[in-house]
Amino acid sequence: MLQVLACGAVVFPGLFFAFRRILPCVFRHWSDADVVLVSERLVSSIHAIMATTAGVIIVSSCRGNIISDRHWLATYFVIWYGAPYMTYDLFAMYLSHYHRFRVKGHEDYKKHSLRTVNSFVRREFLLVLHHIALLTILLPVTLFFRRDQGDFFVGCLFLTELSTPFVSLGKILIQLSLQDCWLHKANGGMVLLTFFMCRIALFPYMYWVYGHHYGIPLYSVPFHLPLSTNLGNLCILAPQVYWFVLLCRKGYRLYRRGRMPDSSPAAAVTDNSKDD
């Protein structure tokens, strides 16, 4: 088991520290905060591509019987890469937070302390809670409580990562001062599309597929499922809706700014700060 966990536990931190070494050689004017941010985003994109690929394989392999069909990736990807990545990402997000405020000259950020950790948890509470919930709830459910059923739906949950590379690309383009180019605008559209389709519309789709399998209408599916399943899905879906609303608001602000004749690149950089 330790050898299996070492796969993701070595790959993701290894990539992160490799990017931290390489990026300053390419972008010599970047601060530590810039390097850590982009390194984190690159590793997140790599994990997201892996998870999405695993999800596509699982879903396509389990379409015959969505309840009983099995695929080994549904369990082993969580063990090999899912759990190690979520643990690593908490650490990487903290480092990004720490260096961002250290560069700004905050007194409390001259060295790591409980105060800096507490500040990170308070500022990124929803993201921290999201990661901890995946580690403490989704991981045990995937490994121990499914009774070897529902690999199709585990694959669907992996597909939620499809939007992550586009979110990360947007941050990186801003870091490269390319927020006014057509690629950033096109990527913004892909962020909204993939986020909505794979993190929000995906849940009604899973309910519809379940209802189709048992021959019941969509509106009856929640009453056919255990309360714990509905509550679990709601807990996963709620923050996704919240983040999607934030993305829509930000996109609308940028759209309005783009139509203003006196808008300047400096203003765009300010609004697209990496603190978002």
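The backbone N, Cα and C atoms fix where each Cβ goes, glycine too.
Feature annotation (TrEMBL): of 14-36, 152-174, the stretch labelled transmembrane segment is 152-174.
When the stretches 42-62, 125-146, 152-174, 230-248 are ranked by Cβ pairs under 8 Å to the transmembrane segment (186-210), first place goes to 152-174. Packing against the transmembrane segment (42-62) from elsewhere in the chain are residues 12, 15-16, 19, 69-71, 73-74, 77, 81-82, 85, 88-89, 92, 151-152, 154-159, 161-165, 168-169, 172: each is 6 or more residues past its ends and has a CB under 8 Å from a CB in it. Tertiary neighbourhood of the transmembrane segment (125-146): same-chain residues 74-75, 78-79, 82-83, 86-87, 89-90, 93, 154, 157, 232, 235-236, 239, 242, selected by CB-CB distance under 8 Å and a gap of 6+ residues from either end.
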